[in-house]
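Asker: One structure follows; several queries about it will come next.
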Amino acid sequence: MSSLDADETIRLTDYDALSSRVSCYLKGYIPHDTFILHLVPLVLYYHLNSIDSEFKKFALTRKLKSQFFNFFSIPASNINQLLNVDEQFYFNKINRFTPLKSPMINRGTYLRTISISNKINDFLSSHTEQDIQIISLGAGNDTRVFNILPTFPNVTYFELDMDKTTRLKKLAILSSPLLSKQVGATNVETLPTNSLEINSFDPSLHTERYHLIPIDLRSLNESVDPGNIPHFTFIDNSKPTLIISECCICYLQKDESNSLIKFWHQWIQHGQFLVYEPLGGTQDNNSKYGEVMIKNLLGRGIHMDTLMTYGSVEAQQERFDNLVSSNTWCKSMKWVYENEIEQSEKDRISKLEMLDELEELNLINSHYCLIISKF
């Protein structure tokens, strides 16, 4: 597989996470994620229309229809039909036969989403009297920014990803008066309609407090001068900064991911990393689930270099202790669920869907971790 094909494969994993969040929202796990039904159809619309080959477009159409449960108009003949989102229409389509994600995946996605959001809220609540920044690495089609910016006027939000991803997200935002309003962008009436126009569209977006930046994160290391990086002049390295990696740096090679961590630690004066990572286990503690993770990834053409190198909570703790600061907190998602999710929330989600395989869920959650490293 060429490096370009590998990059595309990794980029499309964002759709896996996105479809899981759609499922979680529709099933009632994350009712606060109200912008997801506004963003997803528009991103898919522009993705399909960016493809000039009818054969490839047909193949992707079939894949996306299946991936997103046949819920959205794929392909949509007119973008205007995607702008008036009737949420009740989608909820009315759900019944016990609707093929959304399994209860196991929904629970895992819920825990991932809510635990990261809780840590972001901790950062926001501890910096109410000063201007702060949030930098999301490999942000993909995350929707948190649409809730955060209108609520917290002291926040400037940066989303970094490959240009193909930022271009589609920018087009989706500019096409939607609602999404544009949330990030302070000017709604654009004339937007590209064919593959040539879409693929040549500027992939960056800058408003007063929102910056969507196209960049290959592998290009960032401790020897790079931030002043020479396009769009990084918008980042103020003196402001308290939260740097988020939600299943992002795990897709980089070990040296690349560590160099990326060093880059931000070296440049930002006061900040913290918020990292969500998979754990493959260790040679001393052989994990069959970790082996399954590796095989599944290899089957999709993805080699996750750090999955075994930093395959335990202890290994990730040591990694960030050495690269960033001894002020590092690292826990498995099993621990997070047991200790940081309130009982009322556990009771609420337990009523949404029946789940008998609690032992398997605990096994899965023990193979992911949440990291906070302050500096």
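Here the Cβ of each residue, glycine as well, is placed from N, Cα and C on the backbone.
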Asker: Based on TrEMBL, name the residue from R112, R167 that is recorded for the same S-adenosyl-L-methionine site as G138, D216, L217, E246.
Answerer: R112
Asker: Hey, what's the Cβ neighbour count for L217 (S-adenosyl-L-methionine binding site) at 10 Å?
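Answerer: So the Cβ neighbour count for L217 (S-adenosyl-L-methionine binding site) comes to 20.
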Asker: Please identify, from the binding-site residues D216, E246, the residue with the sparsest Cβ neighbourhood, meaning fewest other Cβ atoms within 10 angstroms.
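Answerer: Fewest other Cβ atoms within 10 Å, among the binding-site residues D216, E246, is found for D216.
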Asker: What's the longest C-alpha separation between any two of R112, G138, D216, L217, E246, the listed S-adenosyl-L-methionine-binding residues, in angstrom?
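Answerer: Spelled out: the longest distance between any two Cα atoms in R112, G138, D216, L217, E246 is 25 Å.
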Asker: I'd like the Cβ neighbour count for G138 (S-adenosyl-L-methionine binding site), meaning other Cβ atoms within 10 Å of its Cβ, all protein chains included.
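Answerer: Taking every protein chain into account, the count is 24.
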Asker: I'd like the Cβ neighbour count for R112 (S-adenosyl-L-methionine binding site), meaning other Cβ atoms within 10 Å of its Cβ, all protein chains included.
Answerer: 22
